[in-house]
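**Q** Encoded as structure tokens, here's the structure I'll be asking about.
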């Protein structure tokens, strides 16, 4: 039974005395399993890594971690990884009690959620001959309770003399827990997990009949209504299936069919499993990693081979497909633990190779890390011509692939700009520009070339980023003069805002689309939000009469200035002139637009009311999603505000805005927040590494130096103010709230594209 609530007839023992200390005297406690030489191997060539990003929720149950989904614990993972329960001994709160007929039992001292890790089954991992010897010894000694658990074929965990508290977990015919086998590093380990919600005071149990012990049958005292009366022994296959719930789902058969196979009434070859779905992929891949029986492996591989859905095949590849297939091929033609005959080995190998042919070949990363090339290479000399031919074809195709290299992560800068986020980030860059990224190595956000953060027409090409930054001027939602509704629904005031005092010489002002004033200097080719400060050269001063003739020093200064201007490349001059003309034209068009727009009418009020309602509705969902990311409180509040406003604007454009958040829309909102916050976190990580001008090399620095030198020659002291303003801007635009990305200037946009071609990121999302 599964669900959030325990059944009404749950057996509770709230008043039973805690006898943990007494129970610990009956055996030697081990912190972890001990292994006989050569036992407990997970058959993994190397430790498998996931592609989760660092953060407080990394690799948790909602992260989609490929390791967690396939019952693999992360080993070399990021800080904050939530998938290290065996390694961290993150056990549930339990104690030991004394039962009436079953001896000691394990009791929950706090509520345990469904799926939660309860305890590891710790003991001595022994081989089959040792298992038989100890069984005889324990029988001679009159041991009433056996503590054998099968780890994998031919290997057992014996917790009789040495073990952990998990040994006291009793059998039940209606258990609230179950056993799972997990890969931890290069070892296979076993843990007890909650199958449903377990109440405080309830005994933790699981079904012993799922795992073979080889002991004599014993009477069952579980007290459940469906109790079969005994456990263990040779007759256990007749009382219950020995296949776990995870393996049942992986096989794609009904429990009735599985029982028929176990009893020999049906053959697995005569049954057709269900079509493989994306939801079952993780169970199939997790089960394939364990050394199952031959008929089980055949059924699971058959489900994969018969599947024609590309999304399912992509999921199989993502869930460590190359590594698991390499493991199966190695075992099939090596020690052959499955006991396959020659015909079965050929069939299994052909199935695997033909599946590998279906998979998209983008980069060589997963192929190389799985070491499957060496395995396939050994098959090129196989006696079966079909196997040899397909193996050679795969090797030839893989040889043409390129490796992709991950850009090192940068630490978060606590003093960095909280609103400036890279417009496009790339986790990996291939050696060849013609090769695209591997879809399963990096989470890719789909691109919409026609949409910016507000749904307006903007492209993210280098030419766009080098245009006037007015295109990306953000609007702080906290500004009282900003409109409360969407830009197109509520008209801006007809009269633009004006600066409160006179501007310094050379400075002009204009209004952005929201009516907010910004300042620009055509001569210096800069623009900013802050009111410009007057430089000494432009400050008014008392006339002191006509200037006298220049001396030799003044003439030399003029000559240097003239030479500096002559040395300036024509391309830079033409680019500057083009930028100035563009700035002037945009400012003129914006001023005409503001003057031509009528004042807000009464018809805007319903839109404002609608926007207010949507804001309240979305504010109940968005902050909870944002809080999952590792950002400070103020930054989280600001990002939540921005995201809510963006989503409100989008909803108001629809004929019928939503009145409530359905499960489907909640899922899409979650994806939107994930993409938005991913950019925020990535930008913060880059700033932590001190890369304030990403991709600017020596050539870019020399170009900056030449420009600054030329400006000093032409403008003297006034350039210091310009450099100061420009420096503040390049540092992070502290006054600029985040919308679509950083406010790129000409130089940063130009140099950033020289090193890395960043993917375009679409912040547009369809909530319908």
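The first residue you see is number 1, and the count goes up from there.
Each residue, glycine too, has its Cβ placed from N, Cα and C.
When I checked Swiss-Prot for this same protein, it listed these features:
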type: COMPBIAS; residues: 411-452; note: compositional bias 'Basic and acidic residues'
type: COMPBIAS; residues: 453-469; note: compositional bias 'Polar residues'
type: COMPBIAS; residues: 555-568; note: compositional bias 'Basic and acidic residues'
type: COMPBIAS; residues: 682-734; note: compositional bias 'Basic and acidic residues'
type: COMPBIAS; residues: 755-768; note: compositional bias 'Basic and acidic residues'
type: DOMAIN; residues: 45-90; note: domain 'AWS'
type: DOMAIN; residues: 92-209; note: domain 'SET'
type: DOMAIN; residues: 216-232; note: domain 'Post-SET'
type: DOMAIN; residues: 501-534; note: domain 'WW'
type: REGION; residues: 411-508; note: region 'Disordered'
type: REGION; residues: 533-610; note: region 'Disordered'
type: REGION; residues: 680-768; note: region 'Disordered'
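How buried are the listed features, and what sits near them?
**A** Remark: secondary structure over the domain 'Post-SET' (216-232) totals 0 helix, 4 strand, 13 coil, with classes taken from DSSP.
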**Q** So how many of the residues in the domain 'WW' (501-534) end up helix, strand or coil by DSSP?
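**A** Helix/strand/coil tally for the domain 'WW' (501-534): 0 helix, 13 strand, 21 coil.
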**Q** Can you give the mean pLDDT for the domain 'AWS' (45-90), rounded to a whole number?
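**A** Summing pLDDT over the domain 'AWS' (45-90) and dividing by its length gives 84.
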